[in-house]
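First comes the structure, then the notes that go with it.
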Amino acid sequence: MGHVAFHLRYEKGIDLNIILAVSINKFAIPLRLFHFIHIQNSTALVVAEKRKGKRKRTFFFCIICTEMAMNITFQIGALAGTPIQAESITSASTGSDSSAAAAWKTPIPSIRCKIIKPETIEQKSQPTSPCRSPILSGSNGIRPDLSVACRAFATETLEFMTLDESKAAEEEKMYKEGKTEKEKGVPVYVMMPLDSVTMGNTLNRKKAMNASLQALKSAGVEGLMVDVWWGLVERDAPGVYNWGGYTELLEMAKRHGLKVQAVMSFHQCGGNVGDSCTIPLPKWAVEEIDKDQDLAYTDQWGRRNHEYISLGCDTLPVLKGRTPVQCYSDFMRAFRDNFKHLLGDTIVEIQVGMGPAGELRYPSYPEQNGTWRFPGIGAFQCYDKYMLSSLKAAAEAAGKPEWGSTGPTDAGEYNNWPEDTQFFRKEGGGWTSPYGEFFLTWYSQMLLDHGERILSSAKATFENIGVKISVKIAGIHWHYGTRSHAPELTAGYYNTRFRDGYLPIARMLARHGAIFNFTCIEMRDHEQPQDALCAPEKLVRQVALATREADIPLAGENALPRYDEYAHEQILQASSLNIDGSSDDKEMCAFTYLRMNPHLFQPDNWRRFVAFVKKMKEGKSTDRCWEEVEREAEHFVHVSQPLVQEAAVALMH
């Protein structure tokens, strides 16, 4: 019986000596395929994977963690037998005076690993049953918690063949860089709760957050999506930034080895689908809006929307001497300067908010106060004085000054359907008239110009520091089967049966090297109201084709919370980008799951989620069925059960 020791050095200078006992068999496990799952007292539970072609085998180990200063070396007998229930593990007690669990730090990408060869390798021996193995009996000085862990996680024996030094160095390099032999699969991120940072600029539910991040890491999640609220950070005074709460959250993500998609959230939280809290715009910005109501988007009935500052005043110094775009730029620059030590390593993506719900669109379907209800067509938002001034100038430039006084007056109300209106109806609708084409071109171009201005600033701010930039586009799938696509038009996407409205957006993003992030990836056509001609699958396909044409990456999100396998399968299918039977290697560059909450950690939901993440990471090249993946996921579920239970309970308080 031999053993292999791993010496891990963490950034904060904490050294651990981890002894892994293994049987000698015929498989070698590369270091980078080890995943640390859970800590119970002084024992860490570990899973490793071995691939051979399309076949994959999963191995489970228990290891002992001790501080190096203790200079203790444990040798464990052969690991064999069958798993026991996770409850048995949690009930095990230990008599050890010193627990390394408190000193344990979750692995991060900068871990350094070195193999220490045992002086002698004992002869190959067959594993004995845990119930008969004297080494696990407790009579030889092995701690009770260790023997329980050994019995629970001994599922297979293997040979651990020593890597030569050159290969070990390469493995170390690849592990640090987070690479695999061939990049594939779709990494899964998870959206954090909207109120992760409190109005007092502290981290909300710290204990729950820590347990939740550990659980997500154990499931193989790549990272987190975090809303960085303008209304929290720059709340009290222009140019005064309070990053409290965010510093703690991002450092916590780093400790757990999780990457972060940071959303520059320049919109109000509250009033949209799924908004569970209210975070207004900064106080001083709200004061300016109160003085000049035209800084808010306005519909034809004079109803103001305060979710996001009207793009009509993007370049006007209406916010205490600064333009809105300057405010956004200054905020992003302050974020960069404050978190420069995390950019490119922990913070890997900046999603730039450009409208309500952080999406590049107009607030054409506001749910607040019951103004809009699904599947209404929404309403144009171009009636503040700044937008009307731009419309007037565009009409005069087109030689039609009479078109510049107002938007369409026959486009119905928020909850109408296309055929209820003169403007959107299929036969002779105003949207096909010269005026309709002029107005829709101007309205959509204003949105594109808004995106261009903010993206130019974002690119200049975050260029050459190792982070990607992304922009979120709304998945407006209702009435997609009509000719006019009315809800898309009111939102600013000039997409009709005769015109592709997503290709111009994709090309604008391509000019700045940005990622096209799209929602409603989880939806199927037949799940939606057919009388409203909803077609989310067709919409996703159109967007995928547009990003392919523009040659930019496509990322996805689910629009609504889903925990069922049916939705997971749809996300897998959509993320594979198998358009028109294409068999190339292109896949979505990432998928962000909405959202971390107590429901996610319920046993059945968690089991399905773990299998979903595993399947996404394997990518389109795998042809394994759900049942096989779920069987493997069961091991992870059992291992992480105490942690998941803790997260679920903590999040509910």
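Backbone N, Cα and C atoms are what each Cβ position is placed from, and that goes for glycine too.
All annotation found in TrEMBL is predicted automatically rather than curated by experts.
Note that this is a predicted model, so its numbers are computed, not measured.
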One of ASP227, ASP330, ASP337, ASP420 listed by TrEMBL as binding substrate at the site of HIS267, ASP275, LYS472, HIS477, THR519, ASN558, ALA559, ARG595: ASP227
GLU557 (active site, proton acceptor) and ARG595 (substrate binding site), distance between Cα atoms, whole Å: 10
ASP227 (substrate binding site) to GLU557 (active site, proton acceptor) - Cα separation in whole Å: 15
Listed in sequence order, residues with CB under 8 A of ASN558 (substrate binding site) and six or more positions away: THR519, CYS520, ILE521, GLU522, ALA567, ILE571, TYR593, LEU594
Lowest local Cβ density among HIS477, ARG595, which the record lists as binding-site residues, within 10 Å: ARG595
